[in-house]
Every structure is written in structure tokens, then in C-alpha cells.
Amino acid sequence: MGFRKKNKSPAVLSHEFVIQNHADMVSCVAMVILLGLMFEVTAKFAIMFITVQYNVTQSLDEKAEPVNLYQYGPKDLATVFFYLLIAVILHALIQEYILDKMNRRLHLSKTKHSKFNESGQLAAFYLISFIWGCSILTAEEFATNPTFLWEGYPHTHMVFQVKFFYICQMAYWLHALPELYFQKVRKEDIPRQLYYICLYVFHITGAYVLNLHRLGLVLLVPHSLVELLFHASRLFYFSDENKQKGFTLWALLFVIARLVTLTLSVLTFGFGLPRAENQGFSLAEGNFNVLTIRMTCLAAICLTQAWMMWKFINFQLKKWREHSQSQASKVKAISPKSKPHKKDPARGGSVNGVLKSDDKTSPRARKAL
């Protein structure tokens, strides 16, 4: 009886070693940053990674208590890097303890396995983004006063929740770039994922840097709801292919979300900001309210929405063709077979169930003779 060969562990710092242990390696880096808080020499550097920077205390009224507001600056890059590490760790935890266990039960193919993991991670992220964004918007009273999108621009000051929301958004989408390597994403799926990752980073960072965080937050909330519904519907579809009703609701909300995005963008850049009091360009004041920047932002949003609608239409046409082909195949399978032709009596066959034969050697023929 031969001994079983044990699987050799990959060489240290090889590709397989990094992929298998990337969560532990990232955890060690995050732990080193946290340990830096324990020593006075390194605390001022470690706190720059962990806490939100650029705190500004401002008094709105003479009698009211001062409010802590925040601005943005270059130190935010360190904060984004730290929460990027946290996003990698959370990604690995969700993958190992939730998605991998579900995949073992479903027994999916390699293609569906990859899409299931992608939808599982994004559904969790969009759920948190939607709930978090709604909680922030309820305090801003946007439903009763939509003009807060451009009133008082430039909006250089943010409350803690708004700034931390944007830092987490940028950290998550930046962490998705190395995850393409860590999760061994198939080569044919990399361009598609790179497109939407870069679009998210570009738009969210642009809204943050140009002090358009109010508009960006309002546009992200309905978008997160639509994407949450899509990925949740895809998860249900992979578990049971008959569960496709969620895609119908998603298609309706997708079109509505695109119209809302275009409407609010045109309203802000075309009518609101041109009539604002502060006009001009000033890096020191954070004012970017000039025609060139407004038109560039509006064009970027419109082109992105047009690209998303184009992908949506192609997706719907593909589903419609697949549905038509499946229906046609079912009709062919159900249709009755062609009836057999009556045999020619001259060749000796049956007509109306009566056996006839022209063979003279049969018993009946001999009696007749």
C-alpha cells in the first residue's frame, strides 16, 4: 500500500504563496500601523493613517456649541491606504466564511463561480453604501430642499460621516485593483471589471476633490440601490435559474436611476452653479465654479450614463435572443411527429387495419385458385 503524496506548500513569496496568504500579510501591515499608536515617537504618524484628518472647529451661531467639520488634503491618501487594507481583509473574510461555503453547496461551473463571487462581494458593499448614504441624506433634508446641491458652493467643509463615507468609497474601489490578482480573475473578465472600477475611482475622487460631495452622495444612493438589486438577483439566479423576476424590477429601476442622474446633473451644472454667488477658479478657496470645469463634469457624467445605457441595451437584447431560442427549442420538442404514410396496397401492406397481400402462395390465394 503506497503512501499518499502530500501537496507541497508553495515557495515563500511565490505567486501562489502571496495569493493564498495575502489576507494574513495585509493584516500584519495593518497591525504594525495600529501598534504605532502605542509609542509616542510613531503615534503622530500612525494616527495619520487611522483617523480622519483636517478637522476644523466652526461655530454656526454665537450661542450654539461649535461643530467639528472636515476638509480634504494630501494626508487623506494615508487614510485611504489604511482602509484599503481593511477592505482587503473584509473581502477575504466574506469570501472564506460565506461565499466559499455557498459555492460548495451549489456546485457551480467555473464561469458561474467567478460571477457568483463577484456579485456576492458587490452586493454586500452596495447594501452598506445604500444604508449609510440614506442615513446621511436624511440629516441633509434633500427631499425638502434640492437646492442644497449648489447653495453655498464651494462646499469645502464636510461633517465626519460624509468625509468618512468618501474615504471608504475610494478605499474600496482602489482595493478592487489588487483583488483582480488575489482572486485569480479570468483574463476575459479583467477588462470589464477594470472599466467599472476606474469609472468609480474617477467619479468619486472627482466629486471629492472638486467639492461636489453633495451631488456625488445624492447620485450614489440610487445607483447603489439599483446595483444591489442586480447583484442580489444574480445570486438568486445562480441558486435557482427559475428565479428571474428580480431582473425585471432591476431593469425598470436602472432606467429611472439613469434619468434621475442626468436630471440632477443638468440641474446642478446647467442652472444651479452658474447662478451661484461665488464664480471663479481658486485652489486656495476650493472654488472650481468655472464654465470649463462645469461642462467637463457634465460631459463626463452624460458619457458615462450613455455608456451604461448602451451596455444595458445590449444585455437586454442578449437575454431576449436567448429567451427566443429557448422558446423555439421547446416548441420543436413539443410539436407532434409527422404521421407515417399509408403503404401502397400493390406492395402488400395494410389499409385501414386490414392486411392485404398479393402473394399467390398464401393459404387464401391457394383456396381461391
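All residue numbers here begin at 1 and follow the chain in the order shown.
Each residue, glycine too, has its Cβ placed from N, Cα and C.
Quick look at what TrEMBL lists:
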DOMAIN    114-323  domain 'TLC'
REGION    327-369  region 'Disordered'
TRANSMEM  29-52  transmembrane segment
TRANSMEM  80-99  transmembrane segment
TRANSMEM  120-139  transmembrane segment
TRANSMEM  159-182  transmembrane segment
TRANSMEM  194-211  transmembrane segment
TRANSMEM  217-237  transmembrane segment
TRANSMEM  249-271  transmembrane segment
TRANSMEM  291-310  transmembrane segment
Range from 29-52, 80-99, 120-139, 194-211, 291-310 with the greatest count of C-beta pairs under 8 A to the transmembrane segment (217-237): 120-139
Local confidence of the prediction over the domain 'TLC' (114-323), expressed as mean pLDDT: 92
Cβ-based contact of the transmembrane segment (194-211) with the transmembrane segment (29-52), 3 or more pairs under 8 Å: no
Positions on the same chain near the transmembrane segment (291-310), where near means CB under 8 A and six or more residues out: 199, 202-203, 206, 210, 212, 258, 261-262, 265-266, 269-270, 273-274, 281
Closest-packing stretch to the transmembrane segment (80-99), where packing means Cβ pairs under 8 Å, from 29-52, 120-139, 159-182, 249-271: 159-182
Beyond the flanks of the transmembrane segment (159-182) by 6 or more, those residues with Cβ under 8 Å of it: 18-19, 22, 52, 67-70, 72, 76, 79-88, 91, 125, 129, 132-133, 135-136, 139, 190, 193-194, 197, 200-201, 204-205, 207-208, 213, 216-217, 220
Spatial neighbours of the transmembrane segment (249-271) far in sequence, C-beta under 8 Å, 6+ residues away: 146, 149-150, 212, 215, 218-219, 222-223, 225-226, 229-230, 233, 294-295, 297-298, 301-302, 305, 308-309, 312, 316
Other parts of the chain folded back onto the transmembrane segment (120-139), taken as Cβ under 8 Å at six or more residues beyond its ends: 91, 94-95, 98-99, 102, 161-162, 165, 169, 172, 217-218, 220-221, 224-225, 227-228, 231-232, 235
